[in-house]
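K.L.:
First the structure, which I've put down as structure tokens, then a few questions once you've had a look.
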Amino acid sequence: MRWLWPLAVSLAVVLAVGPSEVSGAATLSLGGHRAKVQEQQSRPRRGTKDEGPKEVQHYVPEEWAEYPKPIHPAGLQPTKPLVATSPNPDKDGATSESGQELRTNLTGTPSQRLQIQNPLYPVTESSYSAYAVMLLALVVFAVGIVGNLSVMCIVWHSYYLKSAWNSILASLALWDFLVLFFCLPIVIFNEITKQRLLGDVSCRAVPFMEVSSLGVTTFSLCALGIDRFHVATSTLPKVRPIERCQSILAKLAVIWVGSMMLAVPELLLWQLAQEPTPTMGTVDSCIMKPSADLPESLYSLVMTYQNARMWWYFGCYFCLPILFTVTCQLVTWRVRGPPGRKPECRAGRHEQCESQLNSTVVGLTVVYAFCTLPENICNIVVAYLSTELTRQTLDLLGLINQFSTFFKGAITPVLLLCICRPLGQAFLDCCCCCCCEECGGASDSSATVSADSKLKAEVSSSIYFHKPRESPPLLPLGTPC
């Protein structure tokens, strides 16, 4: 009966402790991890009674974190109202008694913290320049888009204007249209907001398109100058045979492919750079810096192009078309003699058309030189005096550089419509048809028919359309394209 004594002692202890502890002891004896967690949670916290002064050592995950201190750019504004992140702001020193506003927590993704700067509103000192740039850009954009579209549509839809000469002018208008439509909004948006649309892609594509447009203009002027020289020195009759569509496309392909091949280094030269500023946050800018990931041979070629870019730009895209045009005009004047003298094989209307075409080439060259001269001057100044100029001056020179290209694309079609009589007459007829479509009558229709017949007579006798009125029997019949 000795084994009954330990059992009796155990029962007495259990009765003295209580039934709640019995259930806890039974669960603990089963060895469950869940019982241990519940027992730890049911225990009173350490220091609740005897360790009251150690309460400041408690770790609360929701407390305000002072370090690392977030960056507060001056131009940024929080997207949400100021809310205290600490559960007890009075302990953190951000009480209402101090009179200071609560600081916001700027931790998060950059897209949530950064905002696009809008200098247009509220109106400040920089708003006037932003409005001036936008107004100038809108005028250039509207004039250039309407003018270039008009030239392309007139050449495309008119049977009497489909020639190699007018096709070159239409391709010139197409490239100017692309530059104005795609590059102008990106440049103006970057100038106003200091943020770059499409990022690194636009930094490479915009210079490529602008240089390609300059190349198309350069080679087009050279081709037109060669054509004038060929006409002046040719012994063929004044009326030339029809030029097939394949020949026209081949000439345009040479101009386009050559221009884009010369502009390929621009894709490897430019890249996007982001600079933090104390007033405007992060500012996007495009810099000439080849990527270090390029192969060694290609990297050396791009660096060589960067070092020689200024003089290559000046020689190929400025001096070449001007020298070509001046030389061809001097040779043409030398062959034809003084203006009062008329060659035996050319007289009357044909001589007038020849002088008109020469005036067109000279006018295009003068406009091109006038628009590209500021760009070349800015390139030379930046290349030799960039270390002595401020950042604002460099930005202004870059803006002038861009706008000179946009001015060229907007003025060129206006000049073509004013100098070239067939293009200008077709544009006026199109405008009159659009404006007076509902008020037409018998007299108006007869006037329109007479105007059309007059235009056809003028154009068919000019060099713009190579098909003669009475073609030789050996020439194939059909349209030029």
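Each residue, glycine too, has its Cβ placed from N, Cα and C.
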K.L.:
Which residue from S86, S471 is recorded in Swiss-Prot as phosphoserine?
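P.N.:
In Swiss-Prot, S471 carries the phosphoserine label; others show none in the record.
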K.L.:
Looking at Swiss-Prot, is K162 on the same side of the membrane as S129?
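P.N.:
No - Swiss-Prot names a different topological domain for S129 than for K162.
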K.L.:
Based on the record in Swiss-Prot, give the one of C153, C245, C286, C316 in a disulfide bond with C203.
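P.N.:
Among C153, C245, C286, C316, the record in Swiss-Prot lists C286 as the disulfide partner of C203.
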K.L.:
To see if you understand the setup: which same-chain residues, six or more apart in sequence, place their Cβ under 8 Å from that of C286 (disulfide bond)?
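P.N.:
The list for C286 (disulfide bond) reads R196, C203, V206, P207, W270, Q271, L272, A273, given in order along the sequence.
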K.L.:
Cβ under 8 Å to the transmembrane segment (361-381), counting only same-chain residues 6 or more beyond its ends: which ones?
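P.N.:
Contacts with the transmembrane segment (361-381): 214, 217, 221, 224-225, 228, 310, 313-314, 317-318, 321-322, 325, 328-329, 389, 397-398, 400-401, 404-405, 407-408, 411-412, 415-416, 419.
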K.L.:
Three states by DSSP: which one describes C286 (disulfide bond)?
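P.N.:
For C286 (disulfide bond) - judged by DSSP and reduced to three states - the answer is strand.
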K.L.:
Given a Cβ distance threshold of under 8 angstroms, which distant residues of the chain, six or more beyond its ends, lie next to the transmembrane segment (252-272)?
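P.N.:
Result: 167-168, 171, 196, 199-200, 203-205, 207-208, 211-216, 218-220, 223, 284-291, 294, 298, 301-302, 305-306, 309, 316.
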K.L.:
In terms of Cβ proximity under 8 Å, which residues at least six beyond the ends of the transmembrane segment (206-226) contact it?
P.N.:
165, 168-169, 171-172, 175-176, 178-179, 182-183, 186-187, 251, 254-256, 258-260, 262-264, 266-267, 269-270, 286, 316-317, 320-321, 324-325, 327-329, 360-361, 364-365, 368, 372, 402, 405, 408-409, 412
K.L.:
If you draw a 10 Å sphere around the Cβ of C203 (disulfide bond), how many other Cβ atoms fall inside it, taking every protein chain shown into account?
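P.N.:
Its Cβ has 22 other Cβ atoms within 10 Å.
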K.L.:
Mind checking how the topological domain 'Cytoplasmic' (156-167) divides into helix, strand and coil residues in DSSP?
P.N.:
9 helix, 0 strand, 3 coil
